[in-house]
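S.K.: Please see the structure below; I have some questions.
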Amino acid sequence: MGSGKVTFVALLLCLSVGVIAEDPYLYFNWNVTYGTIAPLGVPQQGILINGQFPGPRINCTSNNNIVVNVFNNLDEPFLFTWNGVQHRKNSWQDGTPGTMCPIMPGQNFTYRFQVKDQIGSYSYFPTTALHRAAGGYGALNVHSRALIPVPFDNPADEYNVFVGDWYNKGHKTLKKILDGGRTIGRPDGIIINGKSAKVGEAKEPLFTMEAGKTYRYRFCNLGMRSSVNIRFQGHPMKLVELEGSHTVQNIYDSLDLHVGQCLSVLVTADQEPKDYYLVVSSRFLKQALSSVAIIRYANGKGPASPELPTPPPENTEGIAWSMNQFRSFRWNLTASAARPNPQGSYHYGQINITRTIKIFNSMSQVGGKLRYGLNGISHTNGETPLKLVEYFGATNKAFKYDLMADEAPADPSKLTIATNVKNATYRNFVEIIFENHEKTIRTYHLDGYSFFAVAVEPGRWSPEKRKNYNLVDGLSRNNIQVYPNSWAAIMLTFDNAGMWNLRSEMWEKTYLGEQLYFSVLSPSRSLRDEYNIPDNHPLCGIVKGLSMPAPYKA
């Protein structure tokens, strides 16, 4: 063969390898509209995606590229966030008011992101206004690649279950209440996949199982404020995954699931073939709320028993029970996640802490209106997304960094309304302590990262409490609960450049200021660390019409 032919063949081989090596793309077109729904039997305006509530399920595989073209047919600006997706180098697609201009009514926007080096159970939902109270949410499941071993046999099927509290008031009414300075109060009920039912009501089954087979149930709590407890009538649950981590496979009769959290369990259909109830009940509310759904055996005979499994205790005893359950959630050190190497090959407990950030939540009246905040700052969104302001070098016109200190002020209950942006040094390993001095539970989520949940304890934190940390097999996750009059500790490396939202997952509190943004800048301004602004990214506010900055280079 001549040298020219050899060169040509070699070039073809290189090109074919390049094509094969690119990860697959999945494309979705979503039409976001209003529609009448009645989760608790009261007709109200809901937010539908392609006519569905809950919305369409995204089923993908680790490293897939996801392309979602969203058409906003509402009468208000709208955004989706992809809760738990890390968006490596790409906070442009995170879908929060601090990173993106909203999709205006009658307009569309195409999200493009990669589920890089992730597996697990996640969700998407609206971040604008109080839209989450009207629906607009759904599942985002990331499966392991074919060559990566999974620490359990393939289930017969997978089912996504969205649970949480619900309000009969519409999202615009709820927003008006908050804008008027009042709380939205107690929810009206609990829903399961957009519906509710009581024992004895004739309802279609939520899911069907075949006797002798095992099923994977992916649960997410996308309510507004209430923790819930999940239990199957007559069927124990084997916990196998929580927010992207394979867990030690303990067996549970019931599981607490806090707002914003997702987990996976295996349930085996090994009982008498008939109907059984899935029970979801509220936690830590003065007046308990609950709902049931029917799980039916194929070819089964007989209704579900009216005798429901006993819920866990409430009040102080219930908090201790739930805290102990948290401690039982541990990382499966020998299992692989998105990569072939075992999860336990990352020894987070041996890394030196470079910074400790203590965060106190509080509530207060500001100008006669209810506000929530962190370390004395109640966050407010400006007219321009923070990421755009920073990228265009216009921060002096929009916000000041580090108004919030790493320690709580002497009187954290005194709140100042301001844009809350903290600098974080790229690739530093940090410890974040959450202290909750309130009488109600909190849950917090950090975009762009998974962190190690090393402790949840009663009382107040002090450096001596580090001896209680789990430095070996704490779960890598993206959401942490903080019980009343308790604290929680997480550890992470700020190795993902971008602008990332730390927020309460209880949307009333988020809307009224209980959130902040971490600015994580790479000093090299290199494409190795962060992507340039996408070509289709809309500009708004003070950066609209400005010349584009010099792009990052490889």
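Using the three backbone atoms N, Cα and C, a Cβ is placed for every residue, glycine included.
Take a look at what Swiss-Prot says about it:
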DISULFID  C101-C540  disulfide bond
DOMAIN    22-143  domain 'Plastocyanin-like 1'
DOMAIN    196-296  domain 'Plastocyanin-like 2'
DOMAIN    411-521  domain 'Plastocyanin-like 3'
CARBOHYD  N31  N-linked glycosylation site
CARBOHYD  N59  N-linked glycosylation site
CARBOHYD  N108  N-linked glycosylation site
CARBOHYD  N332  N-linked glycosylation site
CARBOHYD  N352  N-linked glycosylation site
CARBOHYD  N423  N-linked glycosylation site
SIGNAL    1-21  signal peptide
S.K.: From the recorded positions C101, N332, N423, C540, pick the residue whose C-alpha lies nearest to the C-alpha of N31 (N-linked glycosylation site).
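M.R.: For N31 (N-linked glycosylation site), the closest Cα among C101, N332, N423, C540 is found at C101.
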S.K.: If you count the other Cβ atoms within 10 Å of each Cβ, which of the glycosylation sites N31, N59, N332, N352, N423 comes out on top?
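M.R.: Of the glycosylation sites N31, N59, N332, N352, N423, the highest Cβ count within 10 Å belongs to N332.
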S.K.: Using C101 (disulfide bond) as the reference point, find which of the glycosylation sites N59, N108, N332, N352, N423 has the shortest Cα-to-Cα distance to it.
M.R.: N108
S.K.: Taking the Cβ of N108 (N-linked glycosylation site) as the centre, count every other Cβ atom within 10 Å, in any protein chain shown.
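M.R.: 16, counting other Cβ atoms within 10 Å of N108 (N-linked glycosylation site).
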S.K.: Take the domain 'Plastocyanin-like 3' (411-521) and average the pLDDT across it for me.
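M.R.: For the domain 'Plastocyanin-like 3' (411-521), the model's average pLDDT rounds to 98.
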S.K.: Quick check on the domain 'Plastocyanin-like 2' (196-296): DSSP residue counts for helix, strand, coil, in that order please.
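M.R.: Counting residues by DSSP class gives 0 helix, 55 strand, 46 coil.
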S.K.: According to DSSP, how is the domain 'Plastocyanin-like 3' (411-521) divided among helix, strand and coil residues?
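M.R.: Final tally across the stretch: 11 helix, 57 strand, 43 coil.
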S.K.: Under 8 Å Cβ-Cβ from C540 (disulfide bond), six or more apart in the same chain: what's there?
M.R.: C101, E383, T384, P385, L388
S.K.: Measure from the Cβ of C101 (disulfide bond) and count the other Cβ atoms within 10 Å, all protein chains considered.
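M.R.: Result for C101 (disulfide bond): 20 other Cβ atoms within 10 Å.
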